Amino acid sequence: MTPGTLGLAALFVLVWASAFNAARIVALEWPPITALALRFAVGVPLLVAAAWLLRARLPARGDLPRIAAMGAFGMGGYLACAWAASAMIPSGLVALLSATAPLFVALGERLVFGRRLAPQAWAGLALGWAGVATLGLPRAAAGLEAAAMGGIALALAGALSQAGGLLAFAPARGRLDPWMSNLGQTAVAALVVTPLAFALEASPAAAPGWVAVVALAWSVVVVGLGGYALYFVLLRRMPPSSAAALQLLAPPVAALLGWAMLGETLRLTDLAGGAVTLAGLTLLLRAPR
């Protein structure tokens, strides 16, 4: 890996991790799903402009349902759960729990599609779920508040939703223009999340502070555009498995940013469980297919 690619990879991890911290800042001041709907509403025209400038090719008609499924579940459902969880539990914990999506994907491939898993993949699954148990069970035994339990459940539900979207989208992944795919997914996510915001949340009682506004703008521009742009560049410079593995570095970085910027603390069992989960995910991603 060249120094330039290494620098881009480090920048991508930092940007990707910061998405969870930005969501936490916004969710503490705004109704989270309402803020997410606004994020999508602002992001769609920006992605339209990016797709037009880059002359992104339109998807085939047969791929539209897969884009819609990824937008509804892999982006809309996942982020709605993650942002709602961010109002209840630390951003580092949301990031760690959200990273379990590949575990659900592997289970879905085995249970739904009957794909045989290599022994290394089974070991990764077992290790990953042991890590999740290490994250959750000590907290439950200590007597968590309902809000904290709800946050953990929402973060895991978001990971499950993302996995469902990924399973539906996977057959079309290699043949779609990434910018047009991102645009379609964001538009569908906006259509899913906006009604949820009206149905589940009241209007904000007051205008958010400037820090929350900056965090939302960061989420739209730096994460939504810059993060994906960096990922697409990295996909051209390194194997897809290596680029995907970079996302596993986001949870510990998010936890570190949450501690440094937001004063968040994680328990030792959170850190241990996160390390075990990430080790399991690494085994799973490196398993032969």
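Just so you know, glycine gets a Cβ as well, placed from its N, Cα and C.
Record features, source TrEMBL:
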- 8-134: domain 'EamA' (DOMAIN)
- 32-54: transmembrane segment (TRANSMEM)
- 66-85: transmembrane segment (TRANSMEM)
- 91-109: transmembrane segment (TRANSMEM)
- 121-141: transmembrane segment (TRANSMEM)
- 147-170: transmembrane segment (TRANSMEM)
- 150-285: domain 'EamA' (DOMAIN)
- 182-200: transmembrane segment (TRANSMEM)
- 206-231: transmembrane segment (TRANSMEM)
- 243-262: transmembrane segment (TRANSMEM)
- 268-285: transmembrane segment (TRANSMEM)
Ask   = Which value does the mean pLDDT take for the domain 'EamA' (8-134) in this predicted structure?
value = 90
Query = What counts of helix, strand and coil residues does DSSP assign across the domain 'EamA' (8-134)?
reply = 103 helix, 0 strand, 24 coil
Message = Based on DSSP, tally up the residues of the domain 'EamA' (150-285) by helix, strand and coil.
response = 118 helix, 0 strand, 18 coil
